[in-house]
Amino acid sequence: MSGILSADDIVRIGSWSIRVNRRAARTTGVLSAAVLIALISSLCIGTIMLSPGDLIDTVIGDVFPATVRSVWARRMPRALTALLVGAGLAMSGAIFQSLSRNPLGSPDIIGFTTGAATGAVAQIILFHGGVLETSIAAMAGGLVTASLVYVLARRDGISGGVRLVLVGMGVGAAMGAITALLMVRADINDATVAQLWSAGSLTGRGWPHVTILLFVLLLLVPMLISCARTVSFLEMGDDAARSLGVSAERNRVVALILGVAAAAVAVAAAGPIAFVAFAAPQIARRLAPAPGVQLGVSALTGSLLLLLADLLAQNLEIGLRTPVGLVTSLLGGLYLLCLLARRI
């Protein structure tokens, strides 16, 4: 069997035909290479500087034990956590921006990551849970917040659009107040841990974080890909979706649950890292403009953004460990200002 790429972007392999967006394919290749370079840079740059050759020797264990421990116990899980968290947040943002038909409809702006953070902070302060317990609490907090937003935003059987964004911002503010109350009333040590986590940090992330992230995202990605098609129909409006045989509200609820789960597991691993879910899908649409939800390009963009932000956070010389969430907040704020300046 032979594959032929025709002028109309159709790949034919025997009796199979697959439509290909050439620009999206090129963008995916470039972003994949950029993510790989950023990942290798994260493994090489640190207190002990390594060349790519040294990194290969470290991976096969042919160097000093201290260097092997530094890479395998600290740098590798941190870098992989950044990669997976960025992908999870970006895919969640792509789903929610399509659902709300609004660039502000990302989980960090409409309150879902804030709700997940509230659940995780409650687990850290009240029950002193581990990685798994914190992940479960974050998912529970995100789903509770999403349920509240969905119920309050629903009017005449419809729960999308600007109303979803505005209600989400209000519920997110309430969840943020609950989080602040928990930290104010907590023991000083628990409050310090919760505060560092709430800033969005990859410090101290280990293989348990990577394992849980990888397991959950591997479960979610096929379902997200499946629901992305129906979400694309919902972008045209509920009436148009129904005319195509798509149950608007049922598919909206399914997409809502999957998007919240992707955001919540990312928040559980690294805290409420801001603006990755907001910026990555929009950058992806600019890099590879195409109808529908750009899950793959968005995921790669989110991974690249967070890996680069973490590299910057680790190398800022300000006398303390800079949480990566502070870097993404700064960069995301500048991006939002530029976006508003272009549209106003």
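Placed from the backbone N, Cα and C atoms, the Cβ positions cover glycine too.
If you look up TrEMBL, you'll see 29-50, 79-97, 109-129, 135-153, 165-186, 206-232, 253-280, 324-342 marked as transmembrane segment.
Within the same chain, residues 35, 39, 42-43, 103, 105-108, 110, 112-113, 202, 205, 209-210, 213-214, 217, 220-221, 224, 227-228, 231, 255, 258-260, 262-263, 265-266, 269-270, 273, 276-278, 280-282, 284, 293-295, 298-307, 310, 324 sit at least 6 positions outside the transmembrane segment (79-97) and bring their C-beta atoms closer than 8 Å to a C-beta of that stretch. If you look at the transmembrane segment (29-50), the same-chain residues 6 or more away from its ends with a CB under 8 A from one of its CBs are 58, 66-67, 70-71, 75-76, 78-80, 82-83, 287, 297, 300-301, 303-304, 307-308, 310-311, 314-315.
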